[in-house]
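Engineer: What Swiss-Prot shows for this protein is this:
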- 14-17: region 'Interaction with host APOBEC3F' (REGION)
- 40-44: region 'Interaction with host APOBEC3G' (REGION)
- 54-73: region 'Interaction with host APOBEC3F and APOBEC3G' (REGION)
- 75-80: region 'Interaction with host APOBEC3F' (REGION)
- 76-115: region 'RNA-binding' (REGION)
- Thr97: phosphothreonine (MOD_RES)
- His109, Cys115, Cys134, His140: Zn(2+) binding site (BINDING)
- 109-140: motif 'HCCH motif' (MOTIF)
- 145-154: motif 'BC-box-like motif' (MOTIF)
- Ser145: phosphoserine (MOD_RES)
- 152-181: region 'SOCS box-like' (REGION)
- 152-165: region 'Multimerization' (REGION)
- Thr156: phosphothreonine (MOD_RES)
- Ser166: phosphoserine (MOD_RES)
- 173-193: region 'Disordered' (REGION)
- Thr189: phosphothreonine (MOD_RES)
Amino acid sequence: MENRWQVMIVWQVDRMRIRTWNSLVKHHMYVSRRAKGWFYRHHYESRHPKVSSEVHIPLEDDSKLVIITYWGLHTGERDWHLGHGVSIEWRQKRYRTQVDPDLADQLIHLRYFDCFSESAIRNAILGHRVSPRCNYQAGHNKVGSLQYLALTALITPKKIKPPLPSVRKLVEDRWNNPQKTKGHRGSHTMNGH
């Protein structure tokens, strides 16, 4: 019998991002209790040698989101791709599919966190009381309408310390982004001074 390959998307991330993600998940599971029902599986509980951790996040209707972090993978093209990665799966019974970080954040947002959403505009106009803030800003991936922006400017969201774990933040590529210069003078080395 020949080998059967299964291809899956694994986002390359650095080791420190995975450590930060795991500590945020554990904090909100055990200390702040904002992540009720989440399940954390350690590397020694997994049968796969490359799995470093798993986070199971239950959603609606028997479905769940599973974020698996890996170690010991082949290194990437860049020096900082040291063989660490993340896969994001949506599971319902025996069906599994992979999702991107934005969709994962939206699914978490819809299920777990209070939101000052688009429906708040209509309720505020009608004079109903609305939830004044969104506790999970990572779940919003688009710019809202002008009314929504006006309401959010009027009522500023409260910052939660430590922040809630965001899948998009976990897999973002901060290495390939150009570095921002500070101040109005710009970078001295680039200006030739």
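Here the Cβ of each residue, glycine as well, is placed from N, Cα and C on the backbone.
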Engineer: Determine which residues of the chain contact the region 'Interaction with host APOBEC3G' (40-44) at the Cβ level, with the cut-off under 8 Å and only residues 6 or more beyond its ends counted.
Structural biologist: 22, 25-26, 29, 51-56, 71
Engineer: As a quick check of your reading of DSSP, tell me how many residues in the region 'Interaction with host APOBEC3F' (14-17) are helical, how many are strand and how many are coil.
Structural biologist: 3 helix, 0 strand, 1 coil
Engineer: Return one of helix, strand or coil for Thr97 (phosphothreonine), based on DSSP.
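Structural biologist: Thr97 (phosphothreonine) sits in a strand per DSSP.
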Engineer: Quick one: Cα separation, Thr97 (phosphothreonine) versus His109 (Zn(2+) binding site), in Å?
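Structural biologist: Counting only the Cα atoms, the answer is 19 Å.
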Engineer: Of all the recorded positions given, Thr97, His109, which residue's CB has the most CB neighbours within 10 A?
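Structural biologist: Counting Cβ neighbours within 10 Å, the top one is His109.
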Engineer: Using DSSP, what's the helix, strand and coil tally for the region 'Interaction with host APOBEC3F and APOBEC3G' (54-73)?
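Structural biologist: Tallied per class, the region 'Interaction with host APOBEC3F and APOBEC3G' (54-73) gives 0 helix, 13 strand, 7 coil.
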